[in-house]
Amino acid sequence: MSSAETGTGVRAESPSPPGAPPRAAGGRRLAFPGVLVLLAALLGVSLVAAVGLGPVSIPFADVARMLGHRLLPWLVQQAPGGPRAVIVLDIRLPRVLLGAVVGAGLAVVGAVLQAVLRNPLADPYIIGASSGASLGAVLVMLAGLSPFGPLSLPLSAFAGAIAAFALVLALSRRGGQVAPARLILAGVAVAALTEAVTSYIVLTTPDKEVRSALFWSLGGLSGTQWRDVGVPALVVAAATAWAVSRAAPLNALALGDEGATSLGVEVDRLRLRLIVVCALVIGTVVAVSGGIGFVALMVPHAVRLASGGDNRRLIPIGALSGALLLVWVDVAARMLNRPDEIPIGVITAVLGSPFFLMLLVRADRGAPR
Amino acid sequence: MNVEVQGVHWLHVLRDVSLTAGSGRVTGLIGPNGSGKSSLLRCVYRRIRPDRGRVLIDGADVWRTPAREVARQVAVVAQDTPADLDDSVEHVVALGRIPHLGALGRLSAAERALVAEAMETCEVTGLARRPFATLSGGERQRVQLARALVQQPRLLILDEPTNHLDPRHQVDLLRLVRALGVTVLVTLHDLQLAAAACDRLVVLDGGGVVADGPVAQVVTEDLLRAVYRVEAEVERGRDGLPRIFLPLPGPGGTVPAALARNGAAGGTGHAGTYDVSREPAS
């Protein structure tokens, strides 16, 4: 360390902003707005393509025309009606859109939880929040209650997620700190227990409304209707926008509670709010798509590898990437075993488990990337 | 920036602590392990809220000032920073701008130059791309100091900043800190260094202030005996600063027999960076 007088050299190469990754040596990285535009365009094309794919395949051009007419009726001619239009507009489209919303929501929740809990393995499915949400939803369906109208289901799932969260955090706390390994262990235990209770309830109830045990443990988007899409879309959009606005303090949390405090972050308040928002997203998402695992784990890590750990980029890029991933995973769920469907969680688990193991090994070694 | 701690109580750790750190001066906090030094610092940088009493910076109660506002004026190099940080050194240093960032959270060119300059000053420029987790303890300490400098504080709080640093970096760090011209509140275990680096020393013991004054008045044989329970010899150097000798007993000391190997009990331990004079074996 040289004394202050000599330390005035300004390097020609300026450092990246907070949270930015070390730049690649060549410096040839697509700028952040470019990445967003590219991903958004890719998502747009994927939505149209995904609507065309299923047991009944419909050409891309036809789908585009039907959607175009629906969106811009003065510009695009009336497309042929009939059963294909019903499939596209009333069955596939809400399902594909919901897939995108769920994927985005899960990815954002994963990115936020990993920062808030300072744990690379944090994922609502792994730490029990998703199963808590399932249980909350099932209990309300079983009781036949709907005190808040159409919001009853997401709200009860939210309550379940919060309860599971609180339990897991209480169990993993040691000396005022959440111990990373205990978080995962407590989460797995709580997830197993709540999932068992959910399965028991579902399997012993003749009530068809309660949906299947398979849905709650492995997720699924089949049977999605337009009315299922609105609330999750709003919640995910609002939560994503809010999380982006809290990205700088989230970056500061990497320094630990002490360090973040000294950077002006009200750590406890921020953590509480972020966890509540995450639980809200988990509740609304799980209520309509069941327990889809590993998306929240995989997507943020993949994005980090590609574009660094700055939450100001990670959250929006993760949202779009998560949407993209889930849209295509859902296509695979419809297509791989035609005419039957594979639960969506089977595919995400096949993709995600190796990821989880890789992270586990790396955390174990204590060696960063 | 003037810091006033007024009658602070916190749990059983701090008991009625009052002190003043004068503007632009280096005030050292010394005292044995567990005497409440770090807790007192935490009260100042708004990590813990005192049960009673208050902390004023330039007359404003830190707990009545928004956290961000405090962080724009007070920077901290704390003792325990997470070791598992994957972020690059350059990124960690740039985090220091967070309290100053606008809504968009973008760094201006001037701020980026500031980050580069702080890294240069703390000699971590060469480590810029390295993940923080791969650094040695001393390197991490210097990165944290660079991060604190980037905050452009008017009050710098340092909790054992010389931990893990080799003698050259210890001296450089303390010289740099003095040259900044900001108010500094620092805890140090090394009394010799503390005496050289600080304008004033405040001694904590059992959560209370037991001495407070100019270095030469505070560091005495009586203090070392009463507070640290060591028999030391303190002499004055030509610069008027204390020179501290901690004599270690030779072989045949007071280690329980079960812990001693081959009867060769006795302290051949080390005494930090103090001058050590060993008594002849009896």
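Each residue, glycine too, has its Cβ placed from N, Cα and C.
Marked as region 'Disordered' by TrEMBL: A:1-25. As annotated by TrEMBL, transmembrane segment applies to A:30-53, A:96-117, A:124-145, A:151-171, A:183-203, A:274-302, A:314-336, A:342-361.
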**Report entry** For the transmembrane segment (A:183-203), sequence-distant contacts whose Cβ falls under 8 Å of one of its Cβ atoms, 6 or more beyond its ends
**Finding:** 117, 119, 121-122, 125-128, 130-132, 134-135, 138-139, 142, 160, 164, 167-169, 171-172, 210-213, 216-217, 291
**Report entry** the transmembrane segment (A:314-336) and the transmembrane segment (A:151-171) contact flag, 3+ Cβ pairs under 8 angstroms
**Finding:** no
Query raised in the report: Same chain, outside the transmembrane segment (A:342-361) by at least 6, Cβ under 8 Å from its Cβ: which residues?
Result: 120-121, 126, 214-215, 217-221, 289-295, 297-298, 301, 326, 329-330, 332-333, 336
Query raised in the report: So, does the transmembrane segment (A:96-117) come close enough to the transmembrane segment (A:274-302) to give 3+ Cβ pairs below 8 Å, pairs being at least 6 apart in sequence?
Result: yes
Query - Winner by Cβ pairs under 8 Å against the transmembrane segment (A:30-53), considering only A:96-117, A:124-145, A:151-171 - result: A:96-117
Report task. Take the transmembrane segment (A:96-117) and find every residue of the same chain, 6 or more past its ends, with a Cβ under 8 Å from one of its Cβ atoms. Result -> 43, 47, 50-51, 123-124, 127, 178, 180, 183, 221, 224, 228-229, 232-233, 235-236, 239-240, 243, 250-251, 253-254, 270-271, 274-275, 277-278, 281-282, 284-285, 288-289, 292, 295-300, 303, 311, 314-315, 318-327, 329-330
